[in-house]
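Features reported for this protein in TrEMBL:
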type    : residues                    : note
BINDING : B:R40, B:G71, B:D92, B:M133 : S-adenosyl-L-methionine binding site
Amino acid sequence: MTDKRDLLILGGGLVGMMLALAAARKGISSHVVDRADPAELTAEGFDGRASAISTASWNLFTNIGLADRLEPHGCAIASIAVTDQMKPGSIDFTPEPHEGTLGRMFANRELRLALFEAASEEPLIAWHAKSEIMERHRGAHGVSVVLADGTSLHASLMIAAEGRNSPTRDEAGITIAKWDYSHRAIIAGLTHELPHGNVAWEIFYPAGPFALLPMLDRADGKHRSALVWTVGEKDAAGTLKLSDRAFLAEVEKRMGGLFGTIESVGPRSSYPLGFHHTARITGDRLALIGDAAHGIHPIAGQGLNLGLRDVGALVEVLAEGMRLGLDPGDAQLLRKYEQWRGLDAFTVALATDGLTRLFGIPGRAASALRRFGMAGVERIGPLKTFFMDEARGVTGDLPELLRA
Amino acid sequence: MTDSSVTIRPEEAAHFGQLAREWWDPKGSSAMLHRLNPVRLAFVREAIDRHWGGDPAAVRPLAGKSALDVGCGAGLLCEPLARLGAAVTGVDAAPENVQAAAAHAEGAGLDIRYMAGEVVSLDIGRFDLVTSMEVIEHVADKAAFVAALADRLAPGGLMVLSTPNRTAASRLLLVGAAEAVGIVPRGTHHWDDFIIPDELGELLAGAGLSVSARKGIAFSLSKGLHLSDDESLNYILSARRT
């Protein structure tokens, strides 16, 4: 048979590539298939996206040997300031020493560059970029895909890492529970007059939180922050279409001179806010990771940390199973991954039945209830909750690869 | 590659393929064995590393070694042993099982020798690792069986056996409840034929072997099947020449 490998990873984004690298460090071989052109993805100004890398996620980068390469590109988050519409009385949050750091901010472009470089040097990774998948097969003894150019790729286990709209997941008939907030996050990089002092800001407005995450200064010394601006679904398209000048004026108005003059804005993108989770994260010889399996996006970049936890858990389960001589696609291993990273059936049922029904009911009372719920979700302070939970480690069993 | 005695005739291939699919279906009638597999393999791996002083992280700790699995069924244990690097021979009294095992190994691309028959009567040489899991409880003359296994063990070799214990708990759970609810096919076990750890230890001593490690295989709702100090249901042991 042709080059049969352990894993067939569909989707070579941040999560898929991290899986390939983490697996390779444990001696597990993979094919990685992605339709995108890596040169475009790493071009200067491709998107202004940035990711908050939690302490646990950073440990994964350390454990696969990328920390030294990435360290100079990360901007440490020293504290969080939460404020209500820029009114006086902001709540500052600086972690106690035992709570660990709040993490680091990275431009996604820097993460991609480091991952792509490491992947191309790794013999255990066969990377098939710019490749369209025509067919997927999962059989008794293995899995395969046929690419547009007729190439067949074979492996023991298929992994869907294609993000929210995973075609592999849909083809496998795995249902997904969604809770849509009917809001979008507008994401863009800003340069501003005053330094951010490594503070992440979360400013509450009735329409939703407006968050500023500290980034490293640009090469020319300009101060930078990543903006995550929550707007109603109906306002998103208009906000994206604003001219740079009009957009900057809107942003500045909401920042109240916090960082002085806002000088420029990079490419803008938007992201629907919501929660989604699949009923199952495994099938026969199939595992879902990252946003293909679940996502929760009150702020940008969180999805990556969840996805990296999947990576750590799946690699740990596979490496232990293969150490015992088990096939990487063995149902017992997938069961272990499912139990570790899957949402329990009750919660999924609650999310599908309870929430979608609540949100599907027309009428004024239901609408009031929805608004109330939305406000509640916002008041928790997504940034704060996220970083606190990460620091406290309340989000479940941490895979070994995500430990220091 | 399979032994000539089990070469599959074309008209039977479909039948054995179907049988293999049933054996290898993790949700099918062998579901319990599938769940048991990682647990007993964890014990086997530890025994291998301890016996030969190998690196616990090595990918092929059995490279260059031969292994024999007696009562191999459709190869649930043979295939992992082959992936760990061993030249594996699987023996089963039921020709159907052996045919199914050969069909599955071929699909998996593994080179395993399967033979139908009794280990006592087959002239197949000696092996570095001899395993027999959940078999001795089905054997009438247990002393002769243990002696036959010992005969197959090469000098400096390692033996691993597992079997249900003969306790009130195993009578209630393994024979009664498990068969009643269908986790284990009805008629699989006869409690009177079960053997307690001390009795098995004596049989092994009689064949010139001593037990080097022993663990219980217990069940709990939170952990599922797992290695434990509780041997009341099932146990697994390693043995070497005295």
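Glycine too: its Cβ is placed from the backbone N, Cα and C atoms.
Bear in mind that TrEMBL entries carry predicted annotations, made automatically and left uncurated.
Classification of B:M133 (S-adenosyl-L-methionine binding site) by DSSP places it within a strand. B:M133 (S-adenosyl-L-methionine binding site) is surrounded by 23 other CB atoms, counting those within 10 A of its CB over all protein chains shown. Secondary structure at B:R40 (S-adenosyl-L-methionine binding site), as computed by DSSP, is helix.
B:R40 (S-adenosyl-L-methionine binding site): 25 other CB atoms within 10 A of its CB, across all protein chains. Fewest other C-beta atoms within 10 angstroms, among the binding-site residues B:G71, B:D92, are seen around B:G71.
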